[in-house]
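Step one of this worksheet: look at the structure below.
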Amino acid sequence: NWSPLTVAYFSGYLELVHLIYMQTLENENVSQPSPPAAPIVVASCNSIATKSRNGDTALRIACERRDLKVIKTLVRDTYNDLNLPSGDKGLTPLMTASRDCNPDVVAILLEAGANINLKNGDGHTALNFAADRGHLPVVEILLDKGASVDMVTTECWTPLLLAASNGHANVVNILLKGGAYINSQYRNGSTALLSASQHCDDVAVAELDVEKRVNIDMPDNEGWTPLMIAAFNDHENVVDILLKAGATVDAQHPNGATALYIASENGHLSVVEMLLEKGASVDMANKVGNSPLMAAAFYGHANVVDTLLEAGASIDNGATDQNKRDTPLIVAAASGNDDCVILLLENGARINVANSDGLTPLIGAAGEGSVELVSLLLQKGADVNATSLEGSSALHMALAFGHFDTATLLLNHGASFDAVDKDGDNALLLAAHSGLDGVVKTLIEKGLSVDFTNNEGKSALLNAAMEGHVGVVLVLLHAGANIDQRGPNGTTALLGACKNGHLEAVKLL
């Protein structure tokens, strides 16, 4: 049931398509196709306004396929609607050509009278589509033909915002020359400068003429300024342009973070150096009291730590969040950042200062499990038996997290093995719970009672059985542990192993 026109188009004979179409203008009785028009609807319609079953039009698809001959033929009929949109996305032929960067097609359609400022269902115009894709030649044609430069979509996008957010510096430039409003905002509060600072490099930001026309410190709805965004994304040249244009170097996000804090947290050394050179406050903390130095130490950015220390950062300045008062050394040690710890110690950080929870650098490092770091701290004079407010020592932390080598190192440096934490757990119970049979054996040899129980009534054997640590169970039984000793609710080692499904432990017991 295909018409001659459809067959001709499918076969690629564009001359025949043209000939047959011209005949249809004189003969309204040419048959129409019965199947869906698919992408070749151009060839099967005797009117530019005829739509396929999916709502698409002949002219729009011809524009998508860049068939200039067919397009010229279709727009010749002055009775046809050049602006008829497709059914699904509401794209007009001009929008399609602008989106796909077809300047020749755009010129033909505009010459034929296409509506340059028509919007689709989302409020996008042809200029929006061209700006979004960075199609400079099309943007130039549209502006020259009178396209509205600040047309806003339903989501508050303007052509300038679209170009800036996608890094199209050349399009940003031409739109500004065309009179685009530079401080227009997307619905999240983002401006063109904010978008350019995030997505572009120096070219697009420079094109925004930041020294004259733009509110350089205007934040988005979340409080991010252009300088903060550029610092976060490590856009050095953008940071440089913004600082030279007068951006407030110590402007704070609602959480208190400055551009320096953000750059330090993310390890962007060059940006940190630029901000410090422009007078950024080296110790300005966020709302919970964390300084740039603490952020860099926590994330292990040793080069940034070094730079901040050289700039005079306070080395023992503690955080104030819930009076926790961590120091840079504590957070660096607890995060296992050896290089940062070394730098901080070399610059005079106090090694035995504890936070409000009683956590020292050594306790934090032991919990993280770095043997090299624990060894370094011990060599520098860390108190091996310091305890937190919960009664946990470095040895307790190492055992609780299953760090065998770290625990062995601490024991060799005189760590107290019979001390208990607030739950009544001693080193033996913690080692048994973590499955460290070698440490369990050592502690028994040092004289710890094999049947010692914590505040809850749990023994080392019950801990090991409930966790399925067969090796520890075996060591404890060989050492004479009471196999029928009862813990909480009368639970024995066998009951604990059964309850948790540890078959091998059940067999052994």
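Cβ atoms are placed via backbone N, Cα and C, with glycine included.
Just so you know, TrEMBL annotations never went through curation; they're auto-generated.
Keep in mind it's a predicted model, so treat the numbers as computed, not measured.
Feature annotations, reproduced from TrEMBL:
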{"type": "REPEAT", "residues": "89-121", "note": "repeat 'ANK'"}
{"type": "REPEAT", "residues": "122-154", "note": "repeat 'ANK'"}
{"type": "REPEAT", "residues": "155-187", "note": "repeat 'ANK'"}
{"type": "REPEAT", "residues": "222-254", "note": "repeat 'ANK'"}
{"type": "REPEAT", "residues": "255-287", "note": "repeat 'ANK'"}
{"type": "REPEAT", "residues": "288-320", "note": "repeat 'ANK'"}
{"type": "REPEAT", "residues": "324-356", "note": "repeat 'ANK'"}
{"type": "REPEAT", "residues": "357-389", "note": "repeat 'ANK'"}
{"type": "REPEAT", "residues": "390-422", "note": "repeat 'ANK'"}
{"type": "REPEAT", "residues": "423-455", "note": "repeat 'ANK'"}
{"type": "REPEAT", "residues": "456-488", "note": "repeat 'ANK'"}
{"type": "REPEAT", "residues": "489-509", "note": "repeat 'ANK'"}
If we skip the immediate neighbours and take only residues 6+ beyond the ends of the repeat 'ANK' (489-509), which ones have a Cβ under 8 Å from one of its Cβ atoms? 459, 461-462, 464-470, 473-474, 477, 483
Secondary structure content of the repeat 'ANK' (357-389), with strand meaning DSSP E or B: 17 helix, 1 strand, 15 coil
DSSP composition of the repeat 'ANK' (122-154), residue counts helix/strand/coil, works out to 17 helix, 0 strand, 16 coil
Helix, strand, coil: count each for the residues of the repeat 'ANK' (89-121), based on DSSP. 16 helix, 0 strand, 17 coil
For the repeat 'ANK' (324-356), mean pLDDT (0 to 100): 94
Quick test of the contact rule: Cβ under 8 Å, at least six residues beyond the ends. What residues does that give for the repeat 'ANK' (288-320)? 256, 258, 260-261, 263-269, 272-273, 276, 282, 326-329, 331-332, 335-337, 339-340, 343-344, 347-350, 353, 355
Looking only at the repeat 'ANK' (324-356), what are its DSSP counts of helix, strand and coil residues? 16 helix, 0 strand, 17 coil
